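Peer 1: Below you'll find the structure I mean.
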């Protein structure tokens, strides 16, 4: 355990092309030692250098010679030993990091309750029969014991390794030699055990890539049992076996034709065979009807012309009576016109898209000549869930998100889920373990009855009829049982904080008693001193938690703890595993396998900049590349769950369609639950997600908004897209042209490029400099690139992969792989690399999501917007006014940082379209509109106070311009509502909160951004709380909580000043000698325009509805009128004693 282990000072240096030693950097040893703790307390170490020494210089060929089993050639099946090794990995918690050895601590139990699913860590099993050993016997997918000897002697993994390492390799039960000793492998010259190796030369990733890329179909033709089908290969390829060699057909097409001329009736990938089949795309564009989009574009043009004429007229006609008022208004109007143009131009080409899931199933999961068994040919999929603070992000919310991911409709063996706990809290760890245990019931229940949504909390909270369209007779009974189990699951989750505290207190008291006894034994008659023992946090198996303790201590505090990886659910078997009729549910024909679930908490140490969420996501990228290496990554916030179980397939339709290899990500819209019916503060943000994002989809694609985004792993690695085009010359290319040396490079060689031009090859010697010194990670890059290619099922598909290439089984996890994952999440790994600057999530901004998407678009990648009929994901949003303002402040501050950084769209490359640049420029500029907006909100009040107006008089020309601009704005809004599907109320709420945010959070963001740029003052933000109000009876109790913040000062001031100005203006006009009614009407109209937009803000200050009596509003109005009349009576206008006057209107 980390608490009582002596850490050896070592540092990973696994690459042959490691970084050169630089001054000021601590020396790095050439190896890292991995150690694991056995149940008996022994530590067994092994070195990665021993693993690579024999295989580093071997070349792996692009074909494999398969020799049929014969009586003389019948090798032992190593599957048992491999499964034992993988079970050992899933039952061990791996820890390590800077200046510490990587250790594997075997977990006898992960949670206090009993676990039953055989894939879960700490699952109950038979005990080892060796005297004095209390370890568990490893089990298979069904939980049955894996016994290496024919005598069925029960033995654990560590005792088995000890037995085969002794002379004679004798079974402790029958005293006969073991026949299958693959688990023990070999030992190095020091007698230390080496991890299990796979036959063949080269690294594991290189062998897998070679197997997938092989055009020989024999590598893909396997029987239902997963063994190589020799008879099928001989029959379908006309191949014969030679002596020591593979003898292929003379045509060299591996079965594509029988006569060598390509005209045979084989089943290869010749173009005429492909063209003979009807080819259907996975996606299609749905253009906006011309009857809507044409008038929309025409209105934009008309409004631009009218704005230009209006501004020209305003500049030409000054208000000589109040030049200062005229000048301020003209400057503000010029900026508003410019800001509107930036927002409107990217909306010229909106589109909609649709997917065809039937075609996806037909292409990737239907038996074909290249995939006779119909096994899924879909690529791997890694889902990232990030959380940081269990106090603000309740573990129950995160657990529900995890359960919705595990139950998603995607091939189980291809799906992996990684949970990033950036706080290193034991509460989150045990909550995830509880979720993994409950998934044993929830996931099969969802598959059996096609449950939607697959978040149990949301499903059991549905107000609609749950029995509608449920055909199976046992649904009611099953639902009742699962509901009862879920209620118990919630109780266990909610009681975890108290349970962990009680357990830790009990173990701490025991340790204090032990220490006092030892003190009495060592000191006979001497006075006893108080025993000072650090108050540790204890896990369910009675050992110290290696992460953050409840009472902070050295190496166990926030920002100072070891890296942790725990495989909660080990990788599932390659073939479906059906349940049985016995048990809680009848799962006879239901696949009970669960996807891979991994808990990750990256190492944190003082003195390192951990880069908040972006750093945590990059750690997950590296860890997942080593462990599962899914070519596609979906990132979700802990409160965003999968609402549509087919959402992953919908996103894959875009990635795997023709031209999909040029897509960097697929962004899904964010939909929210728990919003008040009136959506007071525009939390749904439908104008942005349904108008702006659809419009950007017609350009190079939508911006990345932080969650609900499906990434291509290669795009995150900073590589350029294939077939990138220059859309326009950049500013720098005009001033500093750079010559290009054309080279003829094949598509295969330019699939992975990181240079500025497509005809430049990447220097492979610089790869460790960019990605770090992990050979596992570097070797996984070409594998991920190949797996992410679209299917080459049509001659027009470029850079495709052969059908059936991804039907091969996944690699089993071993201790070396997980230990390498620990190394890549260490705090030092990113030193002197390009992580955060070009690779992965980009550092340096609180809105790392927008910057990361911008960098990809700037390299020429495209993105798409996937709006599904049923919402893909749903989450929560802060409905409290203060929380909402702080959220907007964080976004706006990030935009200001973007504007003053190298990520400004003015510096974009020539690979980004002009309108896309304008959209990104607007992202960085919109907070500055708040300066002019605040001034404009005070102009009506200044006008009423001074008795002047922004124009000399309200003449017909001004009114016509004003009316035309307003009408065109309303018509544009109506057409946007028509093609986007939003409602008029949602559009109006967005307009209201635009002014609320602009006068509060945006101006604060501008000031904070300028302070950071000028004075270097860093900005710290707190997490948005995901928990609701204290009133459990009111779903929207948090809406009425008034929490004062300085952001409220400016809107309150604007409201008060405008209200007083209206009263003063009326009083002055009434008692004036020559009443200026036209100026009063103009000022009052614009004041009411301001107050109408700020109405939701004022309502939020009132607190809970019904708590402010109506009489308060009546008395407020009467008092305001009385004060105004008294002011006029005390200081009446000179020369006037009567009320009223002649009303004149032009």
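Heads up, the Cβ atoms here are built off N, Cα and C, so glycines get one too.
Note that this is a predicted model, so its numbers are computed, not measured.
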Peer 1: From the ranges 263-282, 323-342, 343-362, pick the one that TrEMBL records as transmembrane segment.
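Peer 2: Based on what TrEMBL states, transmembrane segment spans 323-342.
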Peer 1: Under TrEMBL, which of the candidate ranges 161-182, 183-204, 205-226 is annotated region 'Disordered'?
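Peer 2: Result: 183-204 is the stretch TrEMBL calls region 'Disordered'.
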Peer 1: According to TrEMBL, transmembrane segment applies to one of these ranges: 1026-1046, 1110-1130. Which one is it?
Peer 2: 1110-1130
Peer 1: Are the transmembrane segment (919-942) and the transmembrane segment (954-975) close, by which I mean at least 3 Cβ pairs under 8 Å that are 6+ residues apart in sequence?
Peer 2: no
